[in-house]
Amino acid sequence: MATACPPLSLQPAYLSGRSARARRPPPAVRCSAVGEVMAETAAVGTAEEPLLVSAIKGRKVERPPVWLMRQAGRYMKSYQLLCERHPSFRERSENVDLVVEISLQPWKVFKPDGVILFSDILTPLPGMNIPFDIVKGKGPVIFDPLRTAAAVNEVREFVPEEWVPYVGQALNILREEVNNEAAVLGFVGAPFTLASYCVEGGSSKNFSKIKKMAFSEPEILHNLLQKFTTSMANYIKYQADNGAQAVQIFDSWATELSPVDFEEFSLPYLKQIVDSVKETHPELPLILYASGSGGLLERLPLTGVDVVSLDWTVDMAEGRKRLGSNIAVQGNVDPGVLFGSKEFISKRIFDTVQKAGNSGHVLNLGHGIKVGTPEENVAHFFEVAKGIRY
C-alpha cells in the first residue's frame with residue numbers, strides 16, 4: 001500500500017500561500033515513501049479509460065480524480081451571462097446546444113476529471129405525465145401533486161428515447177469533445193427523492209405530505225416508487241448507451257427517513273435499479289449520493305452501487321471504516337471551504353485525500369458548489385487537487 005501524502009507542512013510554498021511570487025500553474029506533487037516532494041507532469045486519462053473510471057474500479061492511479069457537484073452553474077460568470085440570454089432553466093437544460101455549452105464551461109476552464117451532464121433530476125417528469133416547471137426564486141413546482149391512488153395510476157413509465165432525445169444527443173457530443181481526457185457523467189434522481197417532490201408539490205421543509213402517505217397509505221407510495229424505479233433504471237441505461245461513462249444517483253431526501261423507513265421506502269428500490277442496470281451494463285460505475293446520510297451509512301453499500309458519495313458531516317476516515325473496503329468513496333470537502341483562504345482550501349484537500357487513502361477515492365465536495373463561490377477559489381481547488389500524487 002502506497003503511503004499517504006506528507007504532512008501539510010511539507011507541501012510546496014505555492015500551495016500554502018507563503019510564496020510572495022505571482023502564482024503559476026503548479027507542478028504535480030508526488031508523495032514518496034519518505035515524504036519528499038517531487039514535481040512531475042500531471043496524470044491524464046488514457047485513450048482506453050478515463051482516470052475517474054480507473055479509480056472507481058480500484059485500479060492503481062497516480063492521484064485521486066476530481067470533479068465537483070454543480071461545477072457547471074451559477075457561480076461561473078460565463079453561466080451568468082448565458083442565463084441573461086436564456087432565462088428559462090427548462091430551456092437551458094432541454095436544448096442540446098445549451099446543455100453541451102453549459103456542461104463544457106467548467107471543463108474548458110478547470111479541466112476536471114469528470115464532466116457531468118447539465119440537466120435536472122426532474123427532467124423525466126413530463127415524460128411520466130407529471131407536469132412541472134422550475135420557477136426562479138422558488139425552485140421546482142409540481143403543478144398537480146400526486147396524493148391519491150388515482151393520481152399515481154396516471155403516472156406512466158418513462159421512455160427516454162421519446163421524451164428526452166436531447167439528453168442522448170448531448171451525451172454523445174460531450175464524449176466527442178472530452179475524448180476520454182475526463183469521464184462523461186450522467187445522473188438520475190432516486191425513487192424516494194423524486195416521489196418526495198411529486199407528493200409534496202416541490203421542495204419541502206418537513207416532508208409531512210409524503211410521510212403521511214408513507215405511514216397511512218404505504219401501498220400508494222410503493223406503487224409510485226416502483227414506477228420511478230423502473231423508469232430510472234431505463235434512464236440510466238439510456239444515458240450509458242449514449243456515452244455516459246458513470247452515472248450518479250441522487251437520493252437527496254432519503255435522509256428524511258429513519259433507518260427503518262429507509263429500509264422500506266428507499267433501499268429496496270435503489271437496489272432494484274442497480275441490479276437492473278448491472279444486468280445489461282455490468283461495467284458501468286454507479287455512484288450514490290445521499291446528503292446527510294451519516295445515520296444510514298452502513299446501509300448504502302447494500303444497494304450494490306460502486307461508489308458512495310459522502311457529505312461533509314461525515315469524517316472521511318470514519319466513513320471509509322464504516323463503509324468497508326469493498327466500495328469506493330467520493331467527496332467530501334465542505335462546499336463552504338471554497339469561501340475560505342487558498343491556504344485553508346489546500347489544507348482541507350490534503351486532509352481529505354490523506355483520510356481517504358490511495359485507492360478508490362474520487363475527490364469532490366460533500367454537496368454542490370454554493371452560489372457566490374469565488375471562481376478563483378474553484379480554480380485553486382482543481383490546481384491543488386490535480387497536483388497531488390500518491
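Any Cβ shown, glycine's included, is placed from N, Cα and C.
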Going by the substrate site in Swiss-Prot, where Arg70, Gln71, Ala72, Gly73, Arg74, Phe89, Ser119, Asp120, Tyr197, Ser252 are listed, which of the candidates His361, His367 is also part of it?
His367
Under 8 Å between C-beta atoms and at least six apart in sequence, can you list the same-chain neighbours of Asp120 (site 'Transition state stabilizer'), or say none if there are none?
Phe89, Ser93, Ile134, Pro140
If you pair up every Cα among Arg70, Gln71, Ala72, Gly73, Arg74, Phe89, Ser119, Asp120, Tyr197, Ser252, His367, the residues annotated as binding substrate, what's the maximum separation in angstrom, rounded to an integer?
23
Same chain only, sequence gap of 6 or more: which residues have a CB within under 8 Å of the CB of Ser119 (substrate binding site)?
Ser93, Val99, Val167, Phe187
Cβ neighbour count within 10 Å of Tyr197 (substrate binding site):
26
Are there any residues at least 6 positions away along the chain from His367 (substrate binding site) with a Cβ closer than 8 Å to its Cβ? List them or say none.
Met69, Ser291, Asp311, Trp312, Pro335
